[in-house]
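A.B. asks: So that we are looking at the same thing, I have put the structure below in structure tokens.
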Amino acid sequence: MTTTLQQRSTANVWDRFCEWITSTENRIYIGWFGVLMIPTLVSAIACFVIAFIAAPPVDIDGIREPVAGSLLYGNNIISGAVVPSSNAIGLHFYPIWEAASLDEWLYNGGPYQLVIFHFLIGVACYLGREWELSYRLGMRPWICVAFSAPVAAATAVFLIYPIGQGSFSDGMPLGISGTFNFMIVFQAEHNILMHPFHMLGVAGVFGGSLFSAMHGSLVTSSLVRETTETESQNYGYKFGQEEETYNIVAAHGYFGRLIFQYASFNNSRSLHFFLAAWPVIGIWFTALGVSTMAFNLNGFNFNQSIIDSQGRVIGTWADVINRANLGMEVMHERNAHNFPLDLAAGDVAPVALTAPPING
């Protein structure tokens, strides 16, 4: 009689699971960060879609005046949003089990917290997953460093700013018009357009767009001819080919003569590092600016800075912006305040520039 011994396969289930999770041969890399990223992002997306379509109105200001944000309550794609949780909740963690009923949870904007917390964990894990895959493949880690800019921006508007202001009702709504409302109120309360870190962010985003267009057009204009006039130039490139597909010397010569010699990169590596670093650093600064303005360290105030010899104010664009800020502030949350804080606490401000008397 022959006796055979068979090793139990269950002893290696964990090892095979680990190998599958960390395998770079999968069509889509999962990784250990992906183990947390996938369920959190799926939860955030599912709750966002359901809330955007069907969530009942939310008492965002905590004054029993609900704001409707979902499609089924009369909104469209532009006006719809997942409305932030109620000011009555403040900074309290508000999961479903903390509410007395599902209706109460919906009325107080519980879905907003569910979405942003899962979303922030998910995008942080996506950043970690980028590093993890780079590590497995022996690549340098700069991809995740670049992605840290949008992660920092999202963290600033969804987490840091509400913490600084004392309530998640001050977080950015999850919708198009809600985002615009957030921007307008942010300008009214913090004068973000006059903050140097926001200016750096504008330079980063607009400059990055300009440099991207310049680089793409230069490369496309200096391709090595591999096709005839009747063929698409895209057929002149084969994936993985060793030869350069464009002439960097020609591109450098063109741009150096168009502007001046040292305005043009002669090193492809430093050029592409610059293209990545410029917008990333700009967005880092904007996220840092929002995080400081969260605690009311606001933009520059040049209101009524110029006066004549008689002490009369000579209006500047700073005064025009200040007047616009006051108008936006008095109009937002108009039923939540008896009197706007800036107007109640500050000096008397004229509502119009002094006009000269009319003789006639």
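Every residue gets a Cβ built from N, Cα and C, even glycine.
Straight from Swiss-Prot, here's the annotation block:
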type	residues	note
BINDING	His118	chlorophyll a ChlzD1 binding site
BINDING	Tyr126	pheophytin a binding site
BINDING	Asp170, Glu189, His332, Glu333, Asp342, Ala344	[CaMn4O5] cluster binding site
BINDING	His198	chlorophyll a PD1 binding site
BINDING	His215, Ser264, Phe265	quinone binding site
BINDING	His215, His272	Fe cation binding site
SITE	Tyr161	site 'Tyrosine radical intermediate'
SITE	His190	site 'Stabilizes free radical intermediate'
TRANSMEM	29-46	transmembrane segment
TRANSMEM	118-133	transmembrane segment
TRANSMEM	142-156	transmembrane segment
TRANSMEM	197-218	transmembrane segment
TRANSMEM	274-288	transmembrane segment
A.B. asks: Measuring Cα to Cα, tell me the gap between His215 (quinone binding site) and His272 (Fe cation binding site) in whole angstrom.
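C.D. replies: That separation, Cα to Cα, works out to 9 Å.
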A.B. asks: Report yes or no: does the transmembrane segment (197-218) come within contact of the transmembrane segment (142-156), defined as 3 or more CB pairs under 8 Å with a sequence separation of 6 or more?
C.D. replies: no
A.B. asks: What Cα-Cα separation, expressed in whole Å, is found between Tyr161 (site 'Tyrosine radical intermediate') and Glu189 ([CaMn4O5] cluster binding site)?
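C.D. replies: About 12 Å separate the Cα atoms of these two residues.
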A.B. asks: Report, as numbers and ranges, every residue of the chain located at least six residues beyond the transmembrane segment (274-288) whose Cβ falls under 8 Å of a Cβ in that stretch; write 'none' if there are none.
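C.D. replies: Residues 142, 145-146, 148-150, 152-153, 155-156, 197-198, 200-205, 207-208, 211-212, 215, 265 contact the transmembrane segment (274-288) from elsewhere in the chain.
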A.B. asks: Across all the protein chains here, work out how many other Cβ atoms are within 10 Å of the Cβ of the residue listed as 'chlorophyll a PD1 binding site'.
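C.D. replies: The residue listed as 'chlorophyll a PD1 binding site': 23 neighbouring Cβ atoms within 10 Å.
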A.B. asks: For the recorded quinone site formed by His215, Ser264, Phe265, which further same-chain residues have Cβ atoms within 8 Å of the site's Cβ center?
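C.D. replies: The surrounding set, listed in chain order, is Met214, Leu218, Ala251, His252, Phe255, Leu271.
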A.B. asks: Here the binding-site residues are Asp170, Glu189, Glu333; which one has the lowest number of other Cβ atoms no more than 10 Å from its Cβ?
C.D. replies: Glu333
A.B. asks: What's the CA to CA span in angstrom from Phe265 (quinone binding site) over to Tyr126 (pheophytin a binding site)?
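C.D. replies: Distance (Cα to Cα, whole Å): 32 Å.
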A.B. asks: What does the structure give for the C-alpha distance between Glu333 ([CaMn4O5] cluster binding site) and His190 (site 'Stabilizes free radical intermediate')? Integer Å is fine.
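C.D. replies: Just about 16 Å between their Cα atoms.
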A.B. asks: Can you tell me the CA-to-CA distance separating Asp170 ([CaMn4O5] cluster binding site) and His118 (chlorophyll a ChlzD1 binding site), as a whole number of Å?
C.D. replies: 18
A.B. asks: Nearest to His118 (chlorophyll a ChlzD1 binding site) in three-dimensional space, by Cα, is which of the recorded positions Tyr126, His190, His198, His272?
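C.D. replies: Spatially nearest to His118 (chlorophyll a ChlzD1 binding site) by Cα position is Tyr126.
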A.B. asks: Just name the winner among His118, His190, His215, His272, His332 (the recorded positions) by count of other CB atoms within 10 A of its CB.
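C.D. replies: That would be His190, with the highest Cβ count within 10 Å.
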A.B. asks: Name, in the order they occur in the sequence, the residues of the same chain whose CB lies under 8 A from the CB of Ser264 (quinone binding site) and which sit 6 or more residues away.
C.D. replies: Ala251, His252, Phe255, Gly256
A.B. asks: Have a look at the recorded positions (Tyr161, Phe265) and report the one with the fewest Cβ neighbours inside 10 Å.
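C.D. replies: Fewest other Cβ atoms within 10 Å, among the recorded positions Tyr161, Phe265, is found for Phe265.
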A.B. asks: Does DSSP put Glu333 ([CaMn4O5] cluster binding site) in a helix, in a strand, or in coil?
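C.D. replies: DSSP assigns Glu333 ([CaMn4O5] cluster binding site) to coil.
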